[in-house]
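Student: Pulled these features from TrEMBL for this protein:
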ACT_SITE  B:424  active site, proton acceptor
BINDING   B:138, B:177  FAD binding site
DOMAIN    B:17-132  domain 'Acyl-coenzyme A oxidase N-terminal'
DOMAIN    B:134-236  domain 'Acyl-CoA oxidase/dehydrogenase middle'
DOMAIN    B:278-439  domain 'Acyl-CoA oxidase C-alpha1'
DOMAIN    B:480-656  domain 'Acyl-CoA oxidase C-terminal'
Ligand SMILES: Cc1cc2nc3c(=O)[nH]c(=O)nc-3n(C[C@H](O)[C@H](O)[C@H](O)COP(=O)(O)OP(=O)(O)OC[C@H]3O[C@@H](n4cnc5c(N)ncnc54)[C@H](O)[C@@H]3O)c2cc1C
Ligand SMILES: Cc1cc2nc3c(=O)[nH]c(=O)nc-3n(C[C@H](O)[C@H](O)[C@H](O)COP(=O)(O)OP(=O)(O)OC[C@H]3O[C@@H](n4cnc5c(N)ncnc54)[C@H](O)[C@@H]3O)c2cc1C
Ligand SMILES: [Ca+2]
C-alpha cells in the first residue's frame, strides 16, 4: 500500500489552485522556493531524524540536539547558505537549541545596543560561532519586571572594570536558553552602579566559560534548571541558572550605544535615541506572530487530515462510516482554527511591513508612530500566542484518543509552543500595556490629537458610538464593510465605556488597577479588530490563482463571524448588533463551513509541510494512518522485551502471593 | 530557614475555621480522617517518592511504577486496609498504574456483567490479585462508536468455545491500560457471532499471558503503544495493543448476565434488565467528576500559594513589591477556578447520592429516572473535565515562567489529566447525547410528560420564557433565587429556541446534524445550571464552622457570576438579563474577589494536600519557593557533569572552526 494516497478522494474535490495558494501562504514565490528547498533538504537528511525524540532520556536528548546543531551549521557552511536559507533550515530542523538564542537574541542585542566599535569586535566572532552567546535577563525573582532585576554591575575606577555580582539568591539568572551547558558568552542585564549611584538596568557582554576547556570562569556558577513541560519539547534546550561572585569584566563590555560610562565612571547619554529599543521589540514580536501562524497551521494540518481519515458512527447497515470532518461540531471546532492560521499569517505579514516602516521612521527621527506600533505588536503577540496555544490543544482533542499519543505530534507541539505565552512579555502584562495605550488614546480624543495606525478608527468614535448594523439576511454578513464596522464599533464602545468608568476614580492608577480585568477585555477587542481588518485588507489585493481569493474570503468571514459568536456578549452589550443579527451570523457561519469543507484538505496542503516537519503519524500527507501507528508503537523501549523489566521482582510475587518476602 | 512558614502572614488573615472547611471539603469527618491518614502514610514512605519521575527514561519509569504498585499492595495487605483506605492510598501514590484498570474497570465489569457463577469464579482471584485484568474495548479503528468494534467472537458448537479473532488491522485492541506489559487477563469486547448471525458487542474474559512465564499465549500478540503526552504522566501506564489470531476460550467466559449463549449456540435474553449497564456508567462518571475536583483543586492550590509568594512590580522606591495575587487580572483568572473546584466538589458529592438513588430504583425495577440520570452524568462528566483541563493550564500560566518547569508540578498534572476529556466518552459526543435528551424532553412538554430531576425546571418553561430579571443593584445579584432564575431561564430559552429551529427541518436527524453545534451550546447551558443549582442547594444545608458558610457563599456567587460574564452572549441574546444588569454582576464579582482575597490561602489549605501529593515546589505549604527551586535544578542529569556529553564531539569543533573534519 506504500505510495497510495488515501486522501486522493479529498484532494480531487478541491475547487482552487493549491500551488497558487502555496505562494500566498509563503508570502512570495521566492519565499516559497527557499522554504520548500530547505524543508526538503532537512527532511531527506537522516541526521535530522526526529521521531525518536520522546523516547530519549534528558542527556541523550540533549546530546542529540548538539549533534544536530553542529550538523546544521556544517550544512550551512558547506552549502554556503544565505542568512535567509540558514534561518529556514534551522526552522525545519525543528528542535529548540542554543543556536536559537545565539542568532535570535545574542547577536541582535549586540547589534541593537552595542556601539559601532563593539559591533566590530564581537559580531564577526558571533557570526562565525567562534563564541556562542545567550541572553541573560530573567532572574529567579524577576521576569516581567525588568526594572526590578537585582544583579549588579559596579564600576571600579581603579581597574577600569565592572564587577558583576549576584547579591541574593533571587538575583541568580534563571531561564536563559543556551546558558546552562553551552554558551561561552552572555549579554547579562544588570543594575549599573557607579560612584555610589544607580543608573538603571543595562546589558553587559560577559564571558562565562573558558575557551580552552569549557569550564565556567572563576566566580561563575552555572547549571541547567531542570526538566520542562513535555518530553522532547524544550528539554533539548539548556535553560540555565547563573550566579556571579564578583566577576570582573573590562569597561568596554558594557553595551554603550545609548548610555556610556567614561573612564572616570561618569554616565553620558549618547545622541542615539532610547526609543531604538522599541524597534527591536517590534522586530522580535513580529517574528513571534509569524511563528504563531506556523505552529497553529501545523496543528490544524494534522487535525484536518486525520479528521478526513477518521471515520466513526453513521454507517447504515455496516457500510462505510462518516468521516468525522463531516460532523458540524467537528467543523465548528476545526474550521475557525484553520481560518485563524491564515488570519495570523496575514497579520504577521503586515507586521513585517510595520517593522520596516518603523525602522525607516526611526532613521528619520520620526517617533510619532512608535507608541502605537509598540502597543499593536504587544497586543498581537499576546492575542496570537494565546489563541495558538489553545488551538493546538483543541486540535489534539479533535483527534480523539490517538491525539494523546506522542506519535500524533500534537503533545510535543503544545509543550514546545506554550512558553510563547510567557516569554517576551507575559500575555496579560502585555494586554495591560495595550489597555493603557487605548485609555490614553481615548482620553486625548477631545484634545484633537489624531489617533494613528491601528487606532485611527477611534478618530471616528462619534460615528462608531451611534452607527447601527443593518444586517437583515445571513448574506449581509458577507460584506467587508459590515463586518469591519461591527468590530470597530464594538472595540470603540468598549474602550470609551471603560475610559468613562476609569474617570469615576479620583486616582487614575487606583482605577486602572481596580478595573484592569475589564480593560484587558477592551484590549482584546481592539486586537481582534486589527486581525480582522488586516485580513480584509489582504483581500483587497490582487490575488492570482484560480479560486484562491474565494477560499480566502470564506476563511476571513469564518474567522470574523466565529469571533463574533464567541464574544457575543461584547457585541450585544454594546448594542453593536441585535440578537437576530447574531443568529443570522451563525446561519452564515454554518453555510461557510459547508463551502470550506471540500477544500479543507487542500487548504492545509497549501502550508506545504513535509511529513518530517509535521512529525505526526495522524497528519501524514498520504493519510495512511493506521498501519503507521501500528508500526510506530513497536519502537517503544518497553517493547524491547516481551516480559518487562521488573516483572520478576514486583509483578510475579504479587501474582504468586509472595509479596511478604519480596524485597521492594 | 527550614521550618519557617513564609505564608504565615497570609494564614493570619483568615476569616473562617479552616479545620471545619476541611471536613466540608472531604465530605465528612470520617472521609477527612481516612484521607488524611492515607496521605500521610504515603508521604512519609520513601518508597513512594515521586519527584524524580520526569527525569526517568520510559523503562526505568515503568519499572519504578511496578515497584510502587507492589509496595502499595504490600502495605494494603500488611496494614489490613479497608477497601476505602486502599482506594485512598492508591490515589495518593498518584501515578497511573495497571492496578487502576484492574480495580476500576476489570473487577467492575465482571461484577456488572458476569453471572453469579462467573463472579464466584473470577472475583476472588481478582481480589487477591492472583490474576491481573484490564478492560479491552477500544480498537485502533473504533473508540467512541462501540457498536462499530470489529473484533469477533465466533461460537464453535463443536468444541463449545468462542474463537476470538482480529480480522483487520483496525480491529486490534488499542489503548487499554495495563494491557501492554502486565495484565494476565482482559475483558475483551467483541462482536458475538453464532450460527452465522450477529448479536452485537459483548464482553469476554480472555487469558492473555501464561501464569508461568508471563509470555503471551499462542495466537496473541501484545505490545505497548508508545509514548504519550508528558514526561512522567501516563507513561507509567502500559496502554497496549492486542491482536488475536483465532484464540479459543471456553463458552463460560462470555459475560452472560444479560445475554446467554447456550451449548447449542442460541442466544437467550436473561431476565436481568439491560438498563443495568447505565447504572455502571453513572458510577464511573460520578467518580470522574470527583476526580475533576481533585485535579482542579491541586492546580488551584499551587497557583494560589505561588501567587501569594511571587511579587512583581508595584514597589515604590525599591520597597517590597506587590504580591501578584493582588492584581485584579490575576484574581479574575484565579478565583473563578478556586470557586469551580468547590463547585465541582459539591456536584460530585450530589452525583454520589444520585448513583445510590439510581441503584435503589433499579433494584425496584423503576427505570423512570434512568435516562435523565444518564444524560446528567454524561453532561457533568463533559463539563467538569473540559473545565478542569483548561483550568490546570491556566494555573500554569498564572505562575509565569516558573510554571513551565516540571518542578512546578503543573505540566505533569495537565498531561496526566487531559485524557479525561476523551476516555469514558469523548466530551463532545457526550454533549450531543445530552442535547438529544434535552430536545426530546422539550418536545414532550406539550404531551404532559413531566420532566424529572435536573430537567424539572423545564416543566416551568412558560414562566421561564417570560420571567424578567429584577436586579437593580449589584447586591441584588447575591440572591440565590435571582441567580438560579437567570440560569434556568437562559437554559430553558436556549433549549426551546433550538428545538424550534430543529422543527423547521423535514428530517429531524438532518436537522440535528446541521444544528449540532448550537445544540451542544444548549447542553452546556443546562449542565452549568446543574452545577450552580447544586452549589446553591449545598448552601441551604446546615454548615458548621465559624465563617465557613460565608466563604462558600462567596465562592458560589463567584462561580455563577463569572459564568454569567463568560457566557454573556447567551444571557443577553435570550433576553434573560439586560446589559446594565450584566455590568452590575461584574461590579459584584470584583467586590467578591476582594472578600475572598484574604481567605484565598486558607481556602486552598482546606484541601488538606500534603506537599508530597501536590508535587510542586511552587505550591509548597511553607511558601519557601526560591531556595527549593534552586536546589531542585541541580538534580537534573544534565548537571551530572559540568561540561556536557557531546561538547567535545560537537560544540568544540564548532567553536574552533574545525567542523569540516568532524564526524557528526
Ligand atoms: C521556555 C522559556 C524560555 C525563556 N528564555 C529566556 C531567555 O533566553 N532569556 C531570559 O532572560 N529569559 C527567558 N525566559 C524568561 C521569561 O522571559 C519570563 O519567564 C517571562 O518574562 C515572564 O516573567 P515571569 O516568569 O517573571 O512571570 P511573572 O511576572 O512572575 O508572572 C506571574 C503572574 O503574575 C502576573 N503579573 C505579573 N506582573 C503583573 C502586573 N503588573 N499586573 C498584573 N499581573 C501581573 C502574570 O500575568 C502572571 O500571571 C524564558 C522563559 C521560558 C518559559
Ligand atoms: C489515556 C487513555 C486511556 C485509555 N484507556 C482505555 C482503556 O483502558 N480501555 C479501553 O478500551 N479504551 C481506553 N481508552 C480509549 C478511549 O476510551 C477512547 O479514546 C475514547 O473513547 C475516544 O474514542 P476515539 O479515540 O475513537 O475518538 P474518536 O471518536 O475517533 O474522536 C475523534 C473526533 O471525532 C469526534 N466525533 C466522534 N464521533 C462523533 C459524532 N458522532 N459526532 C460528532 N463528533 C464526533 C470527536 O468529538 C473527536 O473530536 C483510553 C484512551 C486514553 C487517551
Ligand atoms: Ca523522558
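Every residue, even glycine, has its Cβ placed from backbone N, Cα and C.
Please go over these features one by one and say how buried each is and what sits next to it.
Tutor: Within 10 Å of the Cβ of residue B:424 (active site, proton acceptor) there are 18 other Cβ atoms, across all protein chains.
If you take the C-beta of residue B:177 (FAD binding site) and look for same-chain residues 6 or more apart in sequence within under 8 angstroms, you find B:96, B:98, B:100, B:101, B:134, B:135, B:237, B:238, B:239, B:240.
Here the domain 'Acyl-coenzyme A oxidase N-terminal' (B:17-132) has, by DSSP, the following mix of helix, strand and coil residues: 90 helix, 0 strand, 26 coil.
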Student: Quick one: of the recorded positions B:138, B:177, B:424, which have a CB under 8 A from chain A's CB atoms?
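Tutor: Listed recorded positions meeting the cut-off: B:138.
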Student: Write out the long-range same-chain contacts of residue B:138 (FAD binding site), meaning residues 6 or more apart in sequence whose Cβ is under 8 Å from its Cβ.
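Tutor: Those within reach of residue B:138 (FAD binding site), by Cβ under 8 Å and sequence separation of 6 or more, are B:173, B:174, B:175, B:176.
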Student: Quick check: in three-state DSSP terms, what is residue B:424 (active site, proton acceptor)?
Tutor: coil
Student: Given the model, what does the mean pLDDT over the domain 'Acyl-CoA oxidase/dehydrogenase middle' (B:134-236) come out as?
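Tutor: Mean per-residue confidence for the domain 'Acyl-CoA oxidase/dehydrogenase middle' (B:134-236): 97 out of 100.
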